[in-house]
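Peer 1: Structure incoming, see below.
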Amino acid sequence: MKRCIAFLTLVLGSLLNLTSVLADDPIRQMQADAMRSKSASWGYWGTDPSRYSTWTNHSNRLIPIYTFGLDMEVLRNEGSQYRRSDALQKLYGRVPTGSLNPKAEYFDQTDIYRLQKLAFAAGKKNIILMVFDGMDWNTTQAAAIYKQQNVAFTEGRGSGLAFLDYRSVPSDYGYCVTSAHHSDAKTDVSAQLVIDGQLGDAGGYDPLRGGRAPWETAKSRDYLIGKDRQQPDCVTDSASSATSMTCGIKTYNAAINVTVDGEQVEPIGRWLQREHGFRIGMVTSVPISHATPAAAYANNVSRNDYQDITRDLLGLPSSSHRMPLEGADVVIGAGWGVHQDQAPGQGGNFAAGNIYADLEDLRRSDIDNGGRYVVAQRTAGKNGSRLLDDAARRAVAENGRLLGFFGTDQAHLPFRTADGRYDPAEDVKGTEVYEPADINENPTLAEMTEAALQVLQSSEKGFWLMIEAGDIDWANHANNIDSSIGAVFSGEDAFQATVNWIDDRDAWDDTALIVTSDHGHHFVLREPEALIHKKQ
């Protein structure tokens with residue numbers, strides 16, 4: 001009987017503690033309530049307002065672009081590619097039904113590649129592409145409302161977040177189409193062959209169905225998620241969309257800098273490295289060889305060939321480059337601690353162990369073993385921020401490269417939630433729970449960014465850097481509004497760290513910064529005021 005009473009007391013205490021936490025954390029409470037009741041008056045994910053979660057994938061929403069230190073006037077003066085049939089033919093290999101729009105004001109995602117080329121042509125020595133993965137206009141608005149505790153905008157660029165408000169340098173704003181060339185392909189990963197790169201649904205964007213601007217309500221309920229039966233324009237994945245930004249082409253979903261015909265394309269960072277001596281870096285809060293950072297440097301017919309992609313990043317022989325690439329100068333991200341014995345999607349050379357990076361490759365790359373990288377890996381009992389900073393300082397002192405490998409067993413950095421804690425509520429993927437070590441032994445995305453800049457700034461000829469706030473996408477896939485807002489704030493911190501670095505060095509004359517996303521999701525905020533919780 002005493003044991004039973006003790007057990008009930010423990011359970012009751014836990015429930016009271018949880019109730020206290022939720023009461024002090026209104027966004028977490030909203031997420032928890034929505035998951036419990038399977039509906040929420042204030043919003044939903046998908047196309048059914050009566051159900052909180054019916055869609056956990058990407059969407060074809062138009063995606064914002066913010067530029068700093070350069071504008072988009074050249075693109076505006078030329079006019080949208082969606083106004084010209086010849087441009088659409090070049091993009092998609094055809095003129096997609098409904099896509100030709102003589103009044104189009106939106107760009108295409110391939111124009112982000114063009115902006116980087118224009119920045120270099122204008123003499124910019126530091127080119128930074130910051131990708132808030134999965135952050136559409138709607139996600140941005142939700143984060144801004146919560147941060148300001150005010151519904152300050154219902155259309156346009158908006159305000160309330162650092163990248164919305166920063167004006168120390170001329171800034172521009174636009175939005176773009178993200179649809180891929182095709183949704184699927186048949187490939188041979190081991191042989192690095194594309195057997196058929198034009199399978200599944202074809203791409204395009206119809207503004208009459210999807211809307212002329214990111215904040216417009218789509219007229220077709222299912223169009224933006226690729227389920228409109230009359231016009232199922234394919235929804236991009238992060239590999240195809242990142243390839244559009246780094247190579248300027250449309251391709252099939254899962255392709256890393258490879259055309260639908262199987263030809264490898266050199267991404268802009270590698271071109272700048274090869275032709276102009278730039279140093280190259282990539283930073284991410286998700287695995288180092290995930291789709292977006294992969295497209296910064298690698299080539300592969302499949303985004304799932306993680307270990308080979310990491311080999312490309314580190315300048316080691318891979319299935320796609322038997323003669324290895326030069327390798328990036330800075331690679332920092334997550335993926336640490338995730339192990340599998342088999343991974344059929346990675347081809348015949350997969351090595352059992354960490355699925356994102358063969359640990360033997362990391363050992364070979366370590367400067368202490370004759371490699372070129374100062375390697376900082378998550379280490380038990382070691383503060384991740386200090387560990388990475390020490391490694392960056394050593395890389396600078398020894399004129400070496402920097403490799404940072406961190407994360408949790410969930411493959412990403414811990415989810416920061418809206419209130420700044422790291423305590424995600426339940427979502428469609430489950431509930432992530434972190435130990436104190438998960439927080440202490442990992443740096444933040446902002447700290448990763450600072451470490452990358454510390455190493456890259458030593459380049460006299462210039463550098464190209466990709467920064468990915470990848471956990472926004474993972475939070476949105478999980479349909480978790482609390483983690484989504486917190487992940488935007490983590491990305492905002494990395495943006496602030498970047499502009500602080502530029503401001504401290506008075507380097508805007510030499511720097512171009514592009515902030516964008518790779519695709520949207522389908523969160524609908526019906527009651528913006530629900531995110532306002534001012535204390536009485």
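Cβ atoms here come from the backbone N, Cα and C positions, even for glycine.
Remember, it's a predicted structure, so these values are computed and weren't measured experimentally.
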Peer 1: Can you match one of Glu105, Glu460, Glu468, Glu492 to the Mg(2+) site that TrEMBL gives for His290, Thr292?
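Peer 2: So the Mg(2+) site in TrEMBL includes His290, Thr292 plus, from the candidates Glu105, Glu460, Glu468, Glu492, Glu468.
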Peer 1: So, in DSSP terms, is Asp518 (Zn(2+) binding site) helix, strand, or coil?
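Peer 2: It is coil.
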Peer 1: Fewest other CB within 10 angstroms, which one of the binding-site residues His290, His477, His519?
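Peer 2: If we count Cβ atoms within 10 Å for the binding-site residues His290, His477, His519, the smallest count is at His477.
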Peer 1: What's the CA to CA span in angstrom from Thr292 (Mg(2+) binding site) over to Ser238 (active site, phosphoserine intermediate)?
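Peer 2: It is 6 Å, counting Cα to Cα.
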Peer 1: Let's check the environment of Thr292 (Mg(2+) binding site): how many other CB atoms sit within 10 Å of its CB?
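Peer 2: Its Cβ has 29 other Cβ atoms within 10 Å.
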Peer 1: Cβ within 8 Å of the Zn(2+) site's Cβ centroid: which residues qualify beyond Asp473, His477, Asp518, His519?
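Peer 2: For the Zn(2+) site, the extra neighbours are His58, Asp133, Gly134, Asp237, Ser238, Ser241, Ile472, Asn476, Ser517, Gly520, His521.
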